[in-house]
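J.: What follows is a single structure, and I will ask about it in a moment.
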Amino acid sequence: MRGTNFLSVLKIRNFLVFSVGQTISQFGDKLDHMALLALLRIYAPGPGALSQLAIAFTLPVLIFGPTSGVLVDRWNRKRVLITCDFLRAVLVIFIPFAILWTNGNVHSVYSIVFVVFLFGLFFNSAKMSIIPNLVSKKRLLAANSVNNFVGRFATLCGVLLGGLLVDWEGWGRVGWEGWRAGFYLDSLTYLVSAILLASIGIRVVRRSQVSSEERRPANNRGNGLWGFFATAFRSLARDLFETFPLIVRDRAILFVMSSILLFCFVGGSVYVLVVPLVQQSLGRGTAGVGLLAGAAAIGMMLSSFAFGMLGYRLEKRQVILVGFAVIGVLMMIFAKASSFVFLGVISFLGGSMLAPIAISQDTLLHEVVPEFFRGRIFSTREWTLNGVFMLSAVLLGVLAELISIRPVLFSVGLIVLVLSLAGEFVRGRWPGSSEGAASELHVQPKSSHD
């Protein structure tokens with residue numbers, strides 16, 4: 001399939017502008033995080049403040065995750081992207097003033113961070129849902145490869161350059177503290193992203209915002225404002241509960257969501273097992289963690305590019321299962337290894353496996369999920385990622401305290417390997433993807449595509 005690889009998809013103007021905007025916006029996300037860390041170091045040093053910050057940016061997904069997708073499916077996704085970036089630009093620039101007005105009370109910052117990440121939740125749901133509107137179906141894998149590459153590149157640059165920018169002493173010449181300048185620059189990145197997104201010309205098909213129930217005269221729905229909100233809530237709940245039967249009925253979607261659970265399990269284990277293993281057991285500290293994370297990020301970037309060039313030749317479910325099997329083996333080796341250089345090689349290989357898995361997951365969802373369900377599916381994915389990550393991190397952390405880190409990490413790798421092999425066995429006995437559920441949902445009254 002020539003003309004469907006990583007480089008060719010960047011020749012599509014709308015997608016190129018979208019990708020540049022995403023690079024800038026995601027760089028801003030990481031710059032924002034570095035500025036927050038610098039701010040807390042001054043006004044609230046200690047792990048307690050970091051825990052509260054983590055709660056502030058995790059809660060929006062856990063509380064509003066699936067609901068945000070319902071609303072994104074009802075709204076114009078391009079407008080959602082532009083509005084969210086613009087509002088985040090305004091909110092972020094207020095953080096330095098909030099510190100000034102409250103005499104250094106960081107709880108005001110947590111409130112703003114909560115709202116910023118709430119808009120980020122809507123932004124991410126709309127971003128993932130709009131990609132099939134920018135490229136043809138045969139270019140989806142290449143587009144998702146670019147999207148994954150952009151995310152890793154922006155993260156790497158945001159962490160490295162963000163730290164340098166926030167710590168740069170030159171800001172003192174204009175009377176700014178480094179963390180304050182970080183928020184101003186972050187606001188600018190969101191604004192530039194919003195302008196770029198506004199220049200994209202696409203037609204987004206979305207589900208009708210007004211159901212037959214909502215079209216009834218007001219006196220048949222209830223009385224006054226209460227009746228309006230009651231009807232709106234019932235409509236929202238109905239759309240939300242339509243999501244889960246679709247996931248269960250469609251084999252392709254169920255497969256992807258199941259693999260995402262495994263993805264979260266791996267992520268949680270890395271967070272609570274690998275980090276302390278490198279910091280304490282190996283005595284490499286936070287710098288060692290950063291080096292291994294950098295090796296993994298480079299692996300993800302390179303494999304995103306390679307998979308975007310050649311991945312169309314591979315079967316996506318096979319890529320996911322084989323990738324997890326390799327990661328399981330790598331985790332088992334990591335648990336036994338002591339050489340830091342060797343651990344760097346393992347981290348690089350692990351990152352090289354993670355990117356094709358994530359790209360294949362996104363592409364499968366883009367291929368089978370009806371357009372007016374995409375927001376719900378991708379917001380449910382985000383909700384699952386955060387929720388299962390948190391639960392697995394807590395569970396594995398307790399086990400590591402009771403036993404020790406290395407045996408638990410080895411066991412996690414073994415579980416991932418066994419589940420991958422079991423998935424391949426089930427896939428062999430259950431060939432093909434039943435796209436019936438998704439296909440049925442494509443056949444809707446025309447009003448659904450207004």
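Each residue, glycine too, has its Cβ placed from N, Cα and C.
Predicted automatically and left uncurated, TrEMBL annotations should be read as such.
Computed from a predicted structure; not experimentally measured.
So TrEMBL says this about it:
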DOMAIN    252-450  domain 'Major facilitator superfamily (MFS) profile'
TRANSMEM  49-72  transmembrane segment
TRANSMEM  84-102  transmembrane segment
TRANSMEM  108-128  transmembrane segment
TRANSMEM  149-168  transmembrane segment
TRANSMEM  188-206  transmembrane segment
TRANSMEM  252-274  transmembrane segment
TRANSMEM  286-307  transmembrane segment
TRANSMEM  319-335  transmembrane segment
TRANSMEM  341-359  transmembrane segment
TRANSMEM  383-402  transmembrane segment
TRANSMEM  408-426  transmembrane segment
J.: Between 84-102, 108-128, 383-402, who has the most Cβ pairs under 8 Å to the transmembrane segment (49-72)?
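T.: Answer is 108-128, with the largest number of Cβ pairs below 8 Å.
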J.: Over the domain 'Major facilitator superfamily (MFS) profile' (252-450), what is the model's average pLDDT?
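T.: Averaged over the domain 'Major facilitator superfamily (MFS) profile' (252-450), per-residue pLDDT gives 82.
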J.: Per the 3+ Cβ pairs under 8 Å rule, pairs at least 6 apart in sequence, do the transmembrane segment (286-307) and the transmembrane segment (149-168) touch?
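T.: Contact criterion met.
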J.: With contact taken as 3 or more Cβ pairs under 8 angstroms (pairs 6 or more apart in sequence), are the transmembrane segment (252-274) and the transmembrane segment (108-128) in contact?
T.: no
J.: Assess whether the transmembrane segment (408-426) lies in contact with the transmembrane segment (108-128), where contact requires at least three Cβ pairs under 8 Å among residues 6 or more apart in sequence.
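T.: No; fewer than 3 Cβ pairs under 8 Å.
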J.: When each of 108-128, 149-168, 319-335, 383-402 is checked against the transmembrane segment (84-102) for Cβ pairs under 8 Å, which one has the most?
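T.: Top-ranked stretch among 108-128, 149-168, 319-335, 383-402: 108-128.
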J.: By Cβ distance under 8 Å, which residues at least 6 away from the ends of the transmembrane segment (108-128) in the same chain are close to it?
T.: 22, 25, 29, 32, 36, 39, 52-53, 55-57, 59-61, 64-65, 68-69, 71-72, 77-78, 80-81, 84-85, 87-88, 91-92, 94-95, 98-99, 101-102, 362, 374-375, 378-379, 382
